[in-house]
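Have a look at the structure below before the remarks.
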Amino acid sequence: MSTRATLPYWLYVNRVFWLLRVPQLFSTCVAFSLVADMGIWRGDIGNWFMSCWCICFIVTLFIVIIELNDLQPRFPFYWYNFPVTFACYAALICLSASIIYSIAYVQFLPDGPEWDRAVAATAFSCIASVLYAIEMAGVWNFYKLKEIPCYVHTVPGLLNVPETFVAGVIFAFLSNTSLYLHQPALVWCVAVYTICFISEAVTILLNLGEWENRLPIPFPIFQLVLTVFSVLLYISALVLWLLYQFYEELGGLPQRSSDVSCIDDLMCAWDQRLAVAVLTAINLLIYVAELGYWARRSL
């Protein structure tokens with residue numbers, strides 16, 4: 001078993017850098033540069049995904065700098081858990097950006113230079129998602145051959161990644177505060193998303209830092225209690241969000257046509273409400289799957 005300070009062979013790192021890291025940097029840089037060059041045609045959706053591509057570029061550049069300067073042993077955890085975890089998130093981010101940006105925005109742009117830039121940005125985002133997915137799969141196989149433990153290659157890790165990612169997408173839609181500030185029950189839903197996201201982030205950090213054994217109770221019991229708590233919170237959030245957003249007697253809008261903001265085909269407030277409801281249901285199902293895993297482990 002490799003220790004925390006053990007590094008993969010330099011030849012492997014060098015190949016990853018030239019075959020994956022450089023194209024990742026190039027793809028994400030081109031994607032956010034093209035959207036940034038659209039000016040007033042960017043829109044809120046363009047601004048959001050431009051930020052996502054920029055973050056992927058910055059973190060990838062940080063990883064490259066660390067690896068090229070052999071600074072991995074200075075970190076208080078096994079370094080290569082970090083790049084593969086980031087690759088999982090980056091693949092999901094770029095894939096979702098490609099899909100949502102093209103469906104909710106690009107297809108409604110008029111023909112012209114702006115449309116061409118948006119299509120090109122979407123294409124480079126797709127390329128970036130494929131590159132990050134290849135890195136994730138390649139590192140997975142490398143770790144398996146070398147018998148190196150990696151948290152995101154476990155069942156809880158594979159569930160924690162989509163849980164936090166879906167929560168992040170929910171927060172993107174909730175950036176429109178008019179969706180919930182008018183109703184305390186909806187504010188509670190936002191609090192639920194925040195609490196569960198923070199708890200999952202703490203869990204991931206505990207595992208990446210190999211600190212799970214420092215807890216006063218066994219880690220499976222801790223995870224079981226935390227997951228039960230998250231499932232109950234998400235059930236309450238799903239019920240309240242559906243009632244207060246789509247039930248007319250509670251001030252909701254049951255149909256898209258009843259929302260005056262939906263005057264065109266672009267994503268409006270009603271679409272954002274529906275997206276949050278669907279994402280909440282998806283995350284609840286993932287939490288239920290995790291609950292089943294930890295219940296089985298603890299019994």
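The count begins at 1 with the first shown residue.
In case you wondered, yes, glycine gets a Cβ from its N, Cα and C as well.
According to TrEMBL, the features are:
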type: DOMAIN; residues: 12-144; note: domain 'MARVEL'
type: DOMAIN; residues: 151-299; note: domain 'MARVEL'
type: TRANSMEM; residues: 12-36; note: transmembrane segment
type: TRANSMEM; residues: 48-66; note: transmembrane segment
type: TRANSMEM; residues: 78-106; note: transmembrane segment
type: TRANSMEM; residues: 118-143; note: transmembrane segment
type: TRANSMEM; residues: 150-173; note: transmembrane segment
type: TRANSMEM; residues: 185-209; note: transmembrane segment
type: TRANSMEM; residues: 221-244; note: transmembrane segment
type: TRANSMEM; residues: 274-295; note: transmembrane segment
Interface-richest range of 78-106, 118-143, 185-209 toward the transmembrane segment (274-295), CB pairs under 8 Å: 185-209
Other parts of the chain folded back onto the transmembrane segment (118-143), taken as Cβ under 8 Å at six or more residues beyond its ends: 8, 12, 16, 20, 23-24, 27-28, 30-32, 34-35, 38, 41, 46, 49, 53, 56, 80, 83-84, 87-88, 90-95, 97-98, 101-102, 105-106, 109, 149-150, 153
Folded-back contacts onto the transmembrane segment (48-66), same chain, C-beta under 8 angstroms, at least six residues removed: 17, 21, 24-25, 28-29, 31-32, 35-36, 42, 72, 79, 82-83, 86, 90, 93-94, 97, 100-101, 121, 125, 128, 132, 172, 175
Tally of residues which DSSP labels helix, strand or coil - the domain 'MARVEL' (151-299): 117 helix, 0 strand, 32 coil
Model confidence over the domain 'MARVEL' (151-299) (mean pLDDT, whole number): 84
Residues in the domain 'MARVEL' (12-144) grouped by DSSP into helix, strand and remaining coil: 116 helix, 0 strand, 17 coil
